[in-house]
Amino acid sequence: MLSDTICAIASGQINQAISIIRISGPNAFKIMEKIFLGKVGKSMEITFGWIHDDNQKIDQVLVLWFAGNKNFVGEDTVEINAHGGVLNTNLILELILKTKLARLANPGEFSLRAFLNGKIDLVKAQAINDLIHAEVKVQHQAALNQFLGKSSNFIKNLIEKIEEIIGIIEVNIDYPEYDDVEILTSDVLLPRINQLLADFDQLIKIANNSRLIYQGIKTCLVGAPNSGKSSLLNILINENKAIISEIPGTTRDVVEGNFVLDGLLFKLFDTAGIRKTTEKIEQIGIEKSYESIKKADLILHIIDASEKNRQNLDLKAKTRPDQIYLKIYNKSDLLENQEEFKDEILISAKYQKIENLLEKIKSIFAFLGKNKEFVANSFQISQIELGKLAILDAKTSLESGFGPEIAIVDLRIAWKELKTIFGRVDDENLLDSIFSKFCLGK
């Protein structure tokens, strides 16, 4: 894989002031000798000249030269800084491919090579991708902490604890005659296994909060027709996206939008009003409303506070313990007396008076902003959970009467699952899956 040379546009296919074309591999400098009218630079040098095709000038460029491992990729690399027109940039890329000394890179292949060349571990590689795709400040900070290795320390501590137990078991098996060896029976080992499980549970609990940071907080707006769901969505996303009408059943499909609060990304779903109806299309919309409730992290149940005979929708009964459910009383502007709602969240979507709702949401999710030291993406969470399962198997073996020499098999599996987070990956398909999510040219 690393014996060939790859190239790609690293700056995106848009008109811009400057574009970057990256070439990496053993033929990188040889390609430039063919297409560059200018001085072939030394490593870490920038040179100025023309890109040409058989002496036909194409663009005047700056070229950055990186020899060997003195760059991100860890192999001979050239970066061409060209004028950023889409056509101009693609003409240069086509010229590079025309030499037949390079092929077009796959998405994430430069980062994959950096990983395989030992320049970055798998955590840093994924952190780079997360930095690129960060939409809000909290996501950016989480990805940066991953890149700086702050999150890695939590996992490395678990790995060290497992290694210590494996080491003691191996000494017990191989050198039982040594006086200084701690005798590790099942009774002695079980408390250590239980402590490991507690450590895993704590890590998984914290890590699961990372999903809310990376994927956004899925927020479902539900309620009876004309309760003000669409009005609230439009206010939150600052856009007239949902249709507002006095006619019940106007919203037939789920309307989506995003908004940022306190640095956190919220993904909103405005659903069809829930009521009893014989209208087939409206029934389909209501079914979709219930589906959205199942997927949500935060459920905002919007209720028309001005209605004397309010429809009693027991939506809380349809929620799970891990979901957050809030009752929101709308249309405060129509109330003569608000005393009835003094302990409730009361808003007026019509007049954009929703400050108390925003403050309530901020207080609920404040813990996410404080959890800046440890975050994990979906791949890392999966590996931690697999590690925990292996530790559970070790515990089961010990409780079933088997000795440490059997439990060590599962401990080694747990160790491998955690080490995979940093790059001890034997499965090439897994690597391809991880890096294929990266941008072309990265």
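Using the three backbone atoms N, Cα and C, a Cβ is placed for every residue, glycine included.
So that you can see what the record holds, here are the features copied from Swiss-Prot:
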BINDING   R22, E79, K119, K442  (6S)-5-formyl-5,6,7,8-tetrahydrofolate binding site
BINDING   226-231, 245-251, 270-273  GTP binding site
BINDING   N226, S245, I247, T250  K(+) binding site
BINDING   S230, T251  Mg(2+) binding site
DOMAIN    216-366  domain 'TrmE-type G'
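Per Cα geometry, S230 is the residue among the binding-site residues R22, E79, K119, S230 nearest to A272 (GTP binding site). According to its DSSP assignment, A272 (GTP binding site) is coil. Residue density at R22 ((6S)-5-formyl-5,6,7,8-tetrahydrofolate binding site): 24 other Cβ atoms are found within 10 A of its Cβ, drawing on all protein chains shown.
Rounded to a whole number, the C-alpha distance linking K119 ((6S)-5-formyl-5,6,7,8-tetrahydrofolate binding site) with S230 (Mg(2+) binding site) is 50 angstrom. The two recorded residues N226 (GTP binding site) and E79 ((6S)-5-formyl-5,6,7,8-tetrahydrofolate binding site) have their Cα atoms spaced 57 Å from each other.
Reported as a whole number, the C-alpha separation between R22 ((6S)-5-formyl-5,6,7,8-tetrahydrofolate binding site) and S230 (Mg(2+) binding site) equals 47 Å. Recorded residues E79 ((6S)-5-formyl-5,6,7,8-tetrahydrofolate binding site) and K229 (GTP binding site) have their alpha carbons 51 Å apart, per Cα-Cα distance. K229 (GTP binding site) falls within a helix when secondary structure is assigned with DSSP. Sparsest Cβ environment among the binding-site residues K119, K229, S230 (other Cβ atoms counted within 10 Å): K119. By a simple count of nearby Cβ atoms, those within 10 Å, the most crowded of the binding-site residues N226, A272 is A272. Following the DSSP three-state reduction, the secondary structure of K119 ((6S)-5-formyl-5,6,7,8-tetrahydrofolate binding site) is coil. Of all Cβ atoms in the protein chains displayed, 20 besides its own lie within 10 Å of the Cβ of E79 ((6S)-5-formyl-5,6,7,8-tetrahydrofolate binding site).
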